[in-house]
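Report on the structure given below.
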Ligand code: BG6
Ligand code: MG
């Protein structure tokens, strides 16, 4: 029986991908690396340091910086990102999210956040939905980021539920892989191509609906 929903943040509840992209682009430029939106797709869902490593590898500069310098570079990106997200407000909730969360609360579902973002708690506050969540997985305490299942397994544990009692919602391939590996039903938001490994998907958050998700689980 389904008792909880575990949400990704970026790209599911609000669209911060563009801000992450702009902040990374600025840093990459300083390092002499040019990235575009197509490249940015592979940064979705993965941690700050993993993103930096992918950018450096893309620019053939993986060995150009020490560990300390890399931490400094990641900090620099985050400072720029934080400047860009100061204006996030409840108006930035993606279409249908408010209604979907109200449905879940009405159905007594427990809610957890499983985001790789260390800015997650601040963004939930700015979106005005922090109170709806029973728990937030701390990404700083993870041994392995998505696609490893650890973050969704922890989310279920923090809700005092088993993975089978939870549904994970994600927009990134790495996130869907993480949910599936946690033995949890995966709901994707995205194109058929990008969401082909999800147990079910919608192309738009406006189509997220509690009853139709439950119907899909029964059909399995
Ligand atoms: C994920 C984003 O949710 O969080 C990634 O999809 C981002 O793009 C990651 O790199 C880490 O975010 P932050 O805010 O801790 O740098
Ligand atoms: Mg995401």
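Including glycine, each Cβ sits where the backbone N, Cα and C put it.
What TrEMBL says about a protein is an automatic prediction, not a curated fact.
Going by TrEMBL, these are the annotated features:
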| type | residues | note |
| --- | --- | --- |
| ACT_SITE | 8 | active site, nucleophile |
| BINDING | 8-10, 24, 43-48, 51, 77, 115-119, 146 | substrate binding site |
| BINDING | 8, 10, 170, 171 | Mg(2+) binding site |
| ACT_SITE | 10 | active site, proton donor/acceptor |
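Mapped onto this structure are the features recorded in TrEMBL.
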{"residue": "8", "record": "active site, nucleophile", "DSSP (3 states)": "coil"}
{"residue": "24", "record": "substrate binding site", "DSSP (3 states)": "helix"}
{"residue": "45", "record": "substrate binding site", "DSSP (3 states)": "coil"}
{"residue": "115", "record": "substrate binding site", "DSSP (3 states)": "coil"}
{"residue": "170", "record": "Mg(2+) binding site", "DSSP (3 states)": "strand"}
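The Cβ neighbour count for residue 48 (substrate binding site), using a 10 Å radius over every protein chain in view, is 23.
Looking only at the binding-site residues 10, 170, 171, the densest Cβ neighbourhood within 10 Å occurs at 170. Sequence-distant neighbours of residue 45 (substrate binding site) (same chain, 6+ apart, CB under 8 A from its CB) are 8, 10, 11, 116, 146, 170, 171, 172, 173, 174, 175.
Cβ contacts within 10 Å of residue 115 (substrate binding site), excluding its own Cβ and spanning all protein chains shown: 27. Candidate binding-site residues: 24, 45, 48, 170. Those with a Cβ under 6 Å from ligand 1, in sequence order, are 45, 48. Close to residue 118 (substrate binding site) in the fold, though at least 6 residues off in sequence, lie 48, 78, 139, 140, each with a CB less than 8 Å from its CB. For ligand 2, the binding-site residues lying close by, meaning a CB under 6 A from one of its atoms, are 10, 45, 171; the full candidate list was 10, 45, 115, 118, 171. Sequence-distant neighbours of residue 24 (substrate binding site) (same chain, 6+ residues apart, CB-CB distance under 8 A): 35, 40, 43, 51, 55, 77. Note: the Mg(2+) site is recorded as 8, 10, 170, 171; in the same chain, 7, 9, 11, 12, 44, 45, 115, 169, 172, 175, 189 also have Cβ atoms within 8 Å of that site's Cβ centroid.
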